[in-house]
Amino acid sequence: MIGTPYTEGARRAMLLGCGELGKEVAIELQRLGVEVIGVDRYANAPAMQVAHRSHVINMLDAKALRAIIELEKPHLVIPEIEAIATQTLVEMEAEGVNIIPTARATKLTMDREGIRRLAAETLGLPTSPYFFCDTETEFNQAIREIGVPCVVKPVMSSSGKGQSVIRDIALSHKAWQYAQEGGRAGGGRVIVEGFVPFDYEITLLTVSAVNGIHFCAPIGHRQEDGDYRESWQPQAMSDEVLAKSQAIASKVVEALGGYGLFGVELFVKGHEVYFSEVSPRPHDTGLVTLISQDLSEFALHVRAILGLPIPNIHQHGPSASAVILAEGTSSNIRYQGIGAALEAVNTQLRLFAKPDIDGRRRLGVALARDIDIDSAISKALDSASKVKVIF
(Lines of atoms letter the chains of each structure in order from A and count residues from 1; the text may use other names and numbers.)
(Lines give C-alpha, C1' and ligand atoms only; values in the text may rest on other atoms or scores of the structure.)
Protein backbone atom coordinates (compact mmCIF):
# COMPACT_ATOMS: atom_id res chain seq x y z
CA MET A 1 0.00 0.00 0.00
CA ILE A 2 1.27 3.47 -0.93
CA GLY A 3 -0.32 6.60 0.51
CA THR A 4 -0.14 10.18 -0.69
CA PRO A 5 3.00 12.16 0.29
CA TYR A 6 2.62 14.48 3.29
CA THR A 7 -0.25 12.40 4.67
CA GLU A 8 -0.37 9.96 7.56
CA GLY A 9 -0.45 7.03 5.12
CA ALA A 10 2.55 8.17 3.04
CA ARG A 11 5.27 5.66 2.16
CA ARG A 12 8.55 7.41 2.97
CA ALA A 13 11.88 6.59 1.32
CA MET A 14 15.19 8.10 2.44
CA LEU A 15 18.01 8.37 -0.09
CA LEU A 16 21.48 8.28 1.46
CA GLY A 17 23.36 9.99 -1.35
CA CYS A 18 21.79 12.46 -3.76
CA GLY A 19 23.97 12.39 -6.88
CA GLU A 20 22.81 11.84 -10.45
CA LEU A 21 21.93 8.19 -9.86
CA GLY A 22 20.00 9.03 -6.72
CA LYS A 23 18.17 11.75 -8.66
CA GLU A 24 16.80 9.23 -11.15
CA VAL A 25 15.79 6.91 -8.29
CA ALA A 26 13.99 9.83 -6.62
CA ILE A 27 12.11 10.59 -9.83
CA GLU A 28 10.99 6.96 -10.17
CA LEU A 29 9.88 6.90 -6.52
CA GLN A 30 7.89 10.09 -7.13
CA ARG A 31 6.19 8.49 -10.12
CA LEU A 32 4.79 5.82 -7.81
CA GLY A 33 3.67 8.31 -5.17
CA VAL A 34 6.43 7.72 -2.62
CA GLU A 35 7.50 10.55 -0.32
CA VAL A 36 11.22 11.13 -0.89
CA ILE A 37 13.73 12.45 1.64
CA GLY A 38 17.20 13.24 0.33
CA VAL A 39 20.33 13.14 2.50
CA ASP A 40 23.86 14.08 1.42
CA ARG A 41 26.98 15.83 2.66
CA TYR A 42 26.36 19.01 0.63
CA ALA A 43 23.34 21.20 -0.13
CA ASN A 44 21.42 21.27 -3.41
CA ALA A 45 22.73 17.90 -4.60
CA PRO A 46 20.92 16.63 -7.73
CA ALA A 47 18.42 14.33 -5.99
CA MET A 48 17.68 16.98 -3.36
CA GLN A 49 16.30 19.13 -6.17
CA VAL A 50 13.51 16.61 -6.85
CA ALA A 51 12.98 15.24 -3.31
CA HIS A 52 10.12 16.35 -1.08
CA ARG A 53 12.67 17.55 1.48
CA SER A 54 16.33 17.09 2.27
CA HIS A 55 19.00 17.18 4.96
CA VAL A 56 22.74 17.87 4.88
CA ILE A 57 24.83 15.66 7.18
CA ASN A 58 28.13 13.79 7.22
CA MET A 59 26.88 10.28 6.49
CA LEU A 60 30.11 8.79 7.87
CA ASP A 61 29.12 10.24 11.26
CA ALA A 62 27.29 7.36 12.96
CA LYS A 63 25.45 9.59 15.44
CA ALA A 64 24.28 12.02 12.76
CA LEU A 65 23.13 9.19 10.50
CA ARG A 66 21.18 7.51 13.29
CA ALA A 67 19.61 10.82 14.33
CA ILE A 68 18.29 11.66 10.86
CA ILE A 69 16.81 8.19 10.35
CA GLU A 70 15.15 8.33 13.77
CA LEU A 71 13.82 11.83 12.98
CA GLU A 72 12.26 10.95 9.62
CA LYS A 73 11.26 7.34 10.36
CA PRO A 74 11.43 6.24 6.69
CA HIS A 75 9.86 2.98 5.56
CA LEU A 76 12.83 2.46 3.22
CA VAL A 77 16.45 3.56 3.64
CA ILE A 78 18.17 3.48 0.23
CA PRO A 79 21.97 3.87 0.23
CA GLU A 80 23.05 5.37 -3.09
CA ILE A 81 26.76 5.84 -2.35
CA GLU A 82 29.45 3.91 -0.46
CA ALA A 83 30.60 6.62 1.98
CA ILE A 84 28.14 5.81 4.76
CA ALA A 85 28.52 4.60 8.36
CA THR A 86 27.41 1.11 7.39
CA GLN A 87 27.77 -0.38 10.87
CA THR A 88 25.01 2.00 11.98
CA LEU A 89 22.81 0.63 9.20
CA VAL A 90 23.52 -2.91 10.40
CA GLU A 91 22.51 -1.94 13.94
CA MET A 92 19.37 -0.11 12.84
CA GLU A 93 18.29 -2.97 10.58
CA ALA A 94 18.41 -5.22 13.65
CA GLU A 95 16.12 -2.67 15.33
CA GLY A 96 13.58 -2.98 12.50
CA VAL A 97 14.66 -0.34 9.95
CA ASN A 98 14.33 -1.53 6.33
CA ILE A 99 17.74 -1.05 4.65
CA ILE A 100 17.84 -1.57 0.86
CA PRO A 101 18.70 -4.19 -0.26
CA THR A 102 20.07 -5.29 3.15
CA ALA A 103 22.48 -3.72 5.62
CA ARG A 104 24.81 -6.68 5.14
CA ALA A 105 24.94 -6.10 1.37
CA THR A 106 25.65 -2.41 1.91
CA LYS A 107 28.43 -3.13 4.40
CA LEU A 108 30.03 -5.93 2.35
CA THR A 109 30.12 -3.90 -0.85
CA MET A 110 31.34 -0.71 0.80
CA ASP A 111 34.85 -2.10 0.71
CA ARG A 112 36.47 -4.34 -1.87
CA GLU A 113 37.70 -6.81 0.71
CA GLY A 114 34.28 -7.86 1.92
CA ILE A 115 32.83 -8.52 -1.50
CA ARG A 116 36.00 -10.09 -2.94
CA ARG A 117 36.24 -12.57 -0.07
CA LEU A 118 32.53 -13.41 -0.42
CA ALA A 119 32.86 -13.99 -4.17
CA ALA A 120 36.18 -15.84 -4.26
CA GLU A 121 36.39 -17.59 -0.90
CA THR A 122 32.74 -18.21 0.06
CA LEU A 123 31.07 -18.61 -3.35
CA GLY A 124 34.13 -19.96 -5.18
CA LEU A 125 33.68 -17.66 -8.18
CA PRO A 126 36.54 -17.07 -10.63
CA THR A 127 38.42 -13.83 -9.91
CA SER A 128 41.88 -12.47 -10.56
CA PRO A 129 44.54 -13.41 -7.95
CA TYR A 130 44.69 -10.86 -5.14
CA PHE A 131 46.29 -9.78 -1.87
CA PHE A 132 45.17 -7.26 0.75
CA CYS A 133 47.90 -5.07 2.21
CA ASP A 134 48.10 -2.74 5.20
CA THR A 135 51.71 -1.60 4.81
CA GLU A 136 54.00 -0.69 1.95
CA THR A 137 56.17 -3.69 2.83
CA GLU A 138 53.20 -6.05 2.38
CA PHE A 139 52.29 -4.14 -0.77
CA ASN A 140 55.73 -4.68 -2.33
CA GLN A 141 55.64 -8.38 -1.41
CA ALA A 142 52.21 -8.74 -3.04
CA ILE A 143 53.49 -7.16 -6.25
CA ARG A 144 56.42 -9.58 -6.33
CA GLU A 145 54.11 -12.57 -5.87
CA ILE A 146 51.46 -11.49 -8.38
CA GLY A 147 53.86 -9.94 -10.87
CA VAL A 148 53.38 -7.04 -13.22
CA PRO A 149 51.21 -5.78 -14.67
CA CYS A 150 48.92 -5.64 -11.65
CA VAL A 151 46.13 -3.37 -10.47
CA VAL A 152 46.14 -1.43 -7.18
CA LYS A 153 43.00 -0.04 -5.54
CA PRO A 154 42.15 1.30 -2.09
CA VAL A 155 39.71 -1.12 -0.46
CA MET A 156 37.38 1.85 0.04
CA SER A 157 37.14 4.25 -2.88
CA SER A 158 34.86 5.08 -5.79
CA SER A 159 34.97 6.62 -9.28
CA GLY A 160 38.49 5.36 -9.87
CA LYS A 161 40.05 7.36 -7.03
CA GLY A 162 43.40 5.91 -5.98
CA GLN A 163 43.39 3.20 -8.66
CA SER A 164 46.35 2.51 -10.93
CA VAL A 165 47.96 -0.18 -13.05
CA ILE A 166 51.60 -1.02 -12.21
CA ARG A 167 53.50 -2.04 -15.32
CA ASP A 168 56.97 -1.36 -13.89
CA ILE A 169 57.85 -2.48 -10.36
CA ALA A 170 60.05 0.61 -10.03
CA LEU A 171 56.84 2.68 -9.89
CA SER A 172 55.34 0.76 -6.98
CA HIS A 173 56.03 3.48 -4.38
CA LYS A 174 54.20 6.06 -6.50
CA ALA A 175 51.22 3.68 -6.84
CA TRP A 176 51.18 3.09 -3.08
CA GLN A 177 51.11 6.82 -2.38
CA TYR A 178 48.35 7.38 -4.95
CA ALA A 179 46.24 4.63 -3.38
CA GLN A 180 46.70 6.15 0.06
CA GLU A 181 45.56 9.54 -1.19
CA GLY A 182 42.52 8.12 -2.99
CA GLY A 183 40.94 6.06 -0.22
CA ARG A 184 37.68 7.32 1.31
CA ALA A 185 39.09 6.91 4.80
CA GLY A 186 42.16 8.97 3.91
CA GLY A 187 44.53 6.05 3.41
CA GLY A 188 44.89 2.51 4.65
CA ARG A 189 44.31 -0.97 3.30
CA VAL A 190 44.65 -1.69 -0.43
CA ILE A 191 44.02 -4.61 -2.75
CA VAL A 192 46.63 -5.74 -5.28
CA GLU A 193 45.07 -7.74 -8.11
CA GLY A 194 46.53 -9.67 -10.97
CA PHE A 195 45.81 -7.91 -14.25
CA VAL A 196 43.24 -9.82 -16.31
CA PRO A 197 44.02 -9.30 -20.03
CA PHE A 198 40.29 -9.26 -20.76
CA ASP A 199 38.70 -8.97 -24.17
CA TYR A 200 36.02 -6.71 -22.74
CA GLU A 201 34.29 -5.89 -19.46
CA ILE A 202 30.58 -5.71 -18.82
CA THR A 203 28.06 -4.56 -16.28
CA LEU A 204 25.27 -7.09 -15.89
CA LEU A 205 22.36 -5.30 -14.25
CA THR A 206 20.65 -7.95 -12.16
CA VAL A 207 17.31 -7.43 -10.42
CA SER A 208 16.13 -9.36 -7.40
CA ALA A 209 12.37 -8.86 -7.26
CA VAL A 210 9.33 -10.45 -5.67
CA ASN A 211 8.87 -12.59 -8.79
CA GLY A 212 12.48 -13.76 -9.12
CA ILE A 213 15.84 -12.79 -10.60
CA HIS A 214 15.85 -10.77 -13.83
CA PHE A 215 18.67 -9.61 -16.11
CA CYS A 216 19.07 -6.62 -18.37
CA ALA A 217 20.99 -7.11 -21.60
CA PRO A 218 24.75 -6.87 -20.88
CA ILE A 219 26.29 -3.40 -20.95
CA GLY A 220 29.74 -2.78 -22.38
CA HIS A 221 31.75 0.25 -21.35
CA ARG A 222 35.01 2.11 -21.77
CA GLN A 223 36.92 3.29 -18.71
CA GLU A 224 39.39 6.16 -18.47
CA ASP A 225 41.17 7.20 -15.26
CA GLY A 226 39.12 4.57 -13.44
CA ASP A 227 35.77 6.08 -14.40
CA TYR A 228 33.40 5.31 -17.24
CA ARG A 229 33.30 7.48 -20.35
CA GLU A 230 30.94 5.58 -22.68
CA SER A 231 28.62 2.63 -22.20
CA TRP A 232 26.52 0.67 -24.67
CA GLN A 233 23.83 -1.98 -24.69
CA PRO A 234 23.72 -4.73 -25.71
CA GLN A 235 27.34 -5.86 -25.56
CA ALA A 236 27.82 -8.61 -28.15
CA MET A 237 28.67 -11.96 -26.56
CA SER A 238 28.03 -15.64 -27.12
CA ASP A 239 25.13 -17.47 -25.49
CA GLU A 240 27.68 -19.53 -23.54
CA VAL A 241 29.43 -16.48 -22.07
CA LEU A 242 26.11 -14.78 -21.33
CA ALA A 243 24.90 -17.87 -19.45
CA LYS A 244 28.13 -17.97 -17.41
CA SER A 245 27.78 -14.26 -16.64
CA GLN A 246 24.19 -14.66 -15.50
CA ALA A 247 25.10 -17.65 -13.31
CA ILE A 248 27.84 -15.65 -11.55
CA ALA A 249 25.56 -12.63 -11.11
CA SER A 250 22.76 -14.78 -9.68
CA LYS A 251 25.07 -16.35 -7.09
CA VAL A 252 26.37 -12.97 -5.94
CA VAL A 253 22.95 -11.32 -5.77
CA GLU A 254 21.34 -14.24 -3.96
CA ALA A 255 24.21 -14.32 -1.45
CA LEU A 256 23.82 -10.60 -0.71
CA GLY A 257 20.05 -10.92 -0.30
CA GLY A 258 17.20 -8.42 -0.38
CA TYR A 259 15.27 -6.83 -3.23
CA GLY A 260 16.72 -4.30 -5.65
CA LEU A 261 18.92 -3.84 -8.70
CA PHE A 262 22.59 -4.80 -8.52
CA GLY A 263 25.35 -3.72 -10.91
CA VAL A 264 27.56 -6.80 -11.33
CA GLU A 265 30.89 -6.04 -13.03
CA LEU A 266 32.54 -8.88 -14.94
CA PHE A 267 35.63 -9.42 -17.11
CA VAL A 268 35.37 -11.62 -20.20
CA LYS A 269 38.41 -13.37 -21.70
CA GLY A 270 37.55 -15.77 -24.49
CA HIS A 271 34.96 -18.14 -23.06
CA GLU A 272 35.90 -17.39 -19.45
CA VAL A 273 34.12 -14.93 -17.16
CA TYR A 274 35.72 -13.38 -14.05
CA PHE A 275 33.91 -11.60 -11.24
CA SER A 276 35.19 -8.07 -10.57
CA GLU A 277 32.87 -6.03 -8.33
CA VAL A 278 29.22 -5.45 -7.48
CA SER A 279 27.19 -2.43 -6.43
CA PRO A 280 23.88 -3.09 -4.61
CA ARG A 281 22.26 -0.18 -6.43
CA PRO A 282 21.99 1.34 -9.93
CA HIS A 283 25.31 1.62 -11.74
CA ASP A 284 26.70 4.63 -13.61
CA THR A 285 27.27 2.59 -16.79
CA GLY A 286 23.56 1.74 -16.60
CA LEU A 287 22.62 5.34 -17.43
CA VAL A 288 22.32 4.00 -20.99
CA THR A 289 19.11 2.23 -19.91
CA LEU A 290 17.39 5.63 -19.80
CA ILE A 291 17.14 5.31 -23.58
CA SER A 292 17.72 1.60 -24.24
CA GLN A 293 14.96 0.01 -22.15
CA ASP A 294 11.26 0.51 -21.43
CA LEU A 295 12.12 0.30 -17.73
CA SER A 296 15.43 1.99 -16.86
CA GLU A 297 17.70 0.56 -14.19
CA PHE A 298 16.22 3.17 -11.84
CA ALA A 299 12.63 2.15 -12.55
CA LEU A 300 13.60 -1.50 -12.05
CA HIS A 301 15.33 -0.72 -8.74
CA VAL A 302 12.27 1.12 -7.45
CA ARG A 303 9.84 -1.59 -8.52
CA ALA A 304 11.95 -4.23 -6.83
CA ILE A 305 12.42 -2.39 -3.52
CA LEU A 306 8.70 -1.63 -3.32
CA GLY A 307 7.95 -5.33 -3.67
CA LEU A 308 6.37 -4.94 -7.11
CA PRO A 309 6.67 -7.55 -9.88
CA ILE A 310 8.75 -7.19 -13.05
CA PRO A 311 6.95 -9.12 -15.81
CA ASN A 312 9.52 -8.32 -18.50
CA ILE A 313 12.31 -5.93 -19.50
CA HIS A 314 12.14 -4.70 -23.10
CA GLN A 315 15.36 -3.56 -24.78
CA HIS A 316 14.70 -1.12 -27.63
CA GLY A 317 17.86 -1.80 -29.65
CA PRO A 318 21.49 -0.66 -29.99
CA SER A 319 22.01 2.23 -27.58
CA ALA A 320 24.86 4.18 -26.00
CA SER A 321 25.68 6.82 -23.41
CA ALA A 322 28.56 9.31 -23.46
CA VAL A 323 29.63 11.37 -20.46
CA ILE A 324 29.63 15.16 -20.45
CA LEU A 325 32.79 15.92 -18.49
CA ALA A 326 34.11 19.30 -17.43
CA GLU A 327 37.11 20.60 -15.53
CA GLY A 328 37.44 23.85 -13.64
CA THR A 329 36.21 25.70 -10.56
CA SER A 330 32.81 27.37 -10.41
CA SER A 331 29.53 27.62 -8.52
CA ASN A 332 27.75 29.10 -11.53
CA ILE A 333 27.68 26.30 -14.11
CA ARG A 334 25.83 26.92 -17.38
CA TYR A 335 25.40 24.95 -20.59
CA GLN A 336 25.39 25.96 -24.26
CA GLY A 337 24.74 23.92 -27.38
CA ILE A 338 21.84 21.92 -26.00
CA GLY A 339 19.78 22.42 -29.14
CA ALA A 340 22.61 21.25 -31.39
CA ALA A 341 23.15 18.23 -29.14
CA LEU A 342 19.53 17.16 -29.66
CA GLU A 343 19.28 17.64 -33.44
CA ALA A 344 19.84 13.97 -34.35
CA VAL A 345 16.96 11.51 -34.12
CA ASN A 346 16.81 9.23 -31.08
CA THR A 347 19.05 11.36 -28.88
CA GLN A 348 18.46 12.57 -25.34
CA LEU A 349 20.38 14.51 -22.70
CA ARG A 350 20.48 14.38 -18.94
CA LEU A 351 22.09 17.38 -17.25
CA PHE A 352 22.66 16.48 -13.62
CA ALA A 353 22.35 20.04 -12.22
CA LYS A 354 25.31 19.67 -9.89
CA PRO A 355 25.67 22.94 -7.97
CA ASP A 356 29.41 23.41 -8.40
CA ILE A 357 32.67 22.05 -9.76
CA ASP A 358 36.21 22.02 -8.36
CA GLY A 359 38.44 19.95 -10.62
CA ARG A 360 37.07 17.33 -13.00
CA ARG A 361 33.41 16.36 -12.66
CA ARG A 362 30.76 14.45 -14.61
CA LEU A 363 27.98 16.94 -15.25
CA GLY A 364 25.70 15.11 -17.65
CA VAL A 365 25.28 12.35 -20.18
CA ALA A 366 24.22 12.12 -23.81
CA LEU A 367 22.08 9.15 -24.84
CA ALA A 368 21.49 7.73 -28.30
CA ARG A 369 19.95 4.84 -30.24
CA ASP A 370 20.92 3.78 -33.75
CA ILE A 371 21.06 0.82 -36.15
CA ASP A 372 24.13 -0.72 -34.49
CA ILE A 373 26.34 -0.21 -31.44
CA ASP A 374 29.16 1.63 -33.24
CA SER A 375 26.68 4.09 -34.72
CA ALA A 376 24.98 4.59 -31.35
CA ILE A 377 28.31 5.29 -29.63
CA SER A 378 29.32 7.72 -32.37
CA LYS A 379 25.99 9.53 -32.12
CA ALA A 380 26.19 9.77 -28.32
CA LEU A 381 29.76 11.09 -28.47
CA ASP A 382 28.78 13.66 -31.09
CA SER A 383 25.84 14.81 -29.00
CA ALA A 384 27.96 15.08 -25.84
CA SER A 385 30.66 17.05 -27.68
CA LYS A 386 28.15 19.76 -28.64
CA VAL A 387 27.29 20.59 -25.03
CA LYS A 388 29.61 23.36 -23.88
CA VAL A 389 30.03 23.91 -20.16
CA ILE A 390 30.37 27.60 -19.27
CA PHE A 391 31.78 28.83 -15.96
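Any Cβ shown, glycine's included, is placed from N, Cα and C.
What Swiss-Prot records for Glu20, Leu21, Glu80, Asp284, Lys354, Arg361, Arg362 is N(1)-(5-phospho-beta-D-ribosyl)glycinamide binding site. Swiss-Prot lists Arg112, Lys153, Ser158, Ser159, Gly160, Lys161, Gly162, Gln163, Glu193, Gly194, Phe195, Val196, Glu201 with the feature ATP binding site, giving sequence analysis as the kind of evidence. The Mg(2+) binding site annotation in Swiss-Prot covers Glu265, Glu277 and rests on sequence analysis. Residues or ranges marked as domain 'ATP-grasp' by Swiss-Prot: 117-306.
Overlay of Swiss-Prot feature records on the structure.
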| residue | record | Cβ within 10 Å |
| --- | --- | --- |
| Leu21 | N(1)-(5-phospho-beta-D-ribosyl)glycinamide binding site | 26 |
| Glu80 | N(1)-(5-phospho-beta-D-ribosyl)glycinamide binding site | 26 |
| Arg112 | ATP binding site | 21 |
| Ser158 | ATP binding site | 18 |
| Glu193 | ATP binding site | 21 |
| Glu201 | ATP binding site | 20 |
| Asp284 | N(1)-(5-phospho-beta-D-ribosyl)glycinamide binding site | 22 |
| Lys354 | N(1)-(5-phospho-beta-D-ribosyl)glycinamide binding site | 20 |
| Arg361 | N(1)-(5-phospho-beta-D-ribosyl)glycinamide binding site | 17 |
| Arg362 | N(1)-(5-phospho-beta-D-ribosyl)glycinamide binding site | 20 |
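Distance from the CA of Asp284 (N(1)-(5-phospho-beta-D-ribosyl)glycinamide binding site) to the CA of Ser158 (ATP binding site) is 11 Å. The Cα of Glu277 (Mg(2+) binding site) lies closest to that of Arg112, out of the binding-site residues Arg112, Glu193, Phe195, Arg361.
Mapped onto three states, the DSSP output places Glu20 (N(1)-(5-phospho-beta-D-ribosyl)glycinamide binding site) in helix. Between the CA atoms of Arg362 (N(1)-(5-phospho-beta-D-ribosyl)glycinamide binding site) and Glu193 (ATP binding site) there is a gap of 27 Å, rounded to the nearest whole number. Listed binding-site residues: Glu20, Glu277. The one with the lowest count of other Cβ atoms within 10 Å of its Cβ is Glu277. Per-residue pLDDT, averaged along the domain 'ATP-grasp' (117-306), amounts to 94 for this model. Other Cβ atoms within 10 Å of the Cβ of Glu265 (Mg(2+) binding site) number 19 in total over all chains. Close to Glu265 (Mg(2+) binding site), meaning Cα to Cα within 10 A, are the following binding-site residues out of Glu80, Gly162, Glu201, Asp284, Lys354, Arg361: Glu201. Classification of Asp284 (N(1)-(5-phospho-beta-D-ribosyl)glycinamide binding site) by DSSP places it within a helix. Just so you know, the Cβ of Gly162 (ATP binding site) picks up 24 other Cβ atoms within 10 Å once every protein chain is counted.
Checked against Arg361 (N(1)-(5-phospho-beta-D-ribosyl)glycinamide binding site) by C-alpha proximity, the binding-site residues Arg112, Gly162, Phe195, Glu201 yield Gly162 as the nearest. Between Glu201 (ATP binding site) and Leu21 (N(1)-(5-phospho-beta-D-ribosyl)glycinamide binding site), the C-alpha separation comes to 21 Å. For the binding-site residues Arg112, Gly162, Glu193, Phe195, a Cα to Cα distance of within 10 angstroms from Leu21 (N(1)-(5-phospho-beta-D-ribosyl)glycinamide binding site) holds for none. Ranked by Cα separation from Glu80 (N(1)-(5-phospho-beta-D-ribosyl)glycinamide binding site), the binding-site residues Arg112, Gly162, Glu193, Phe195 are led by Arg112.
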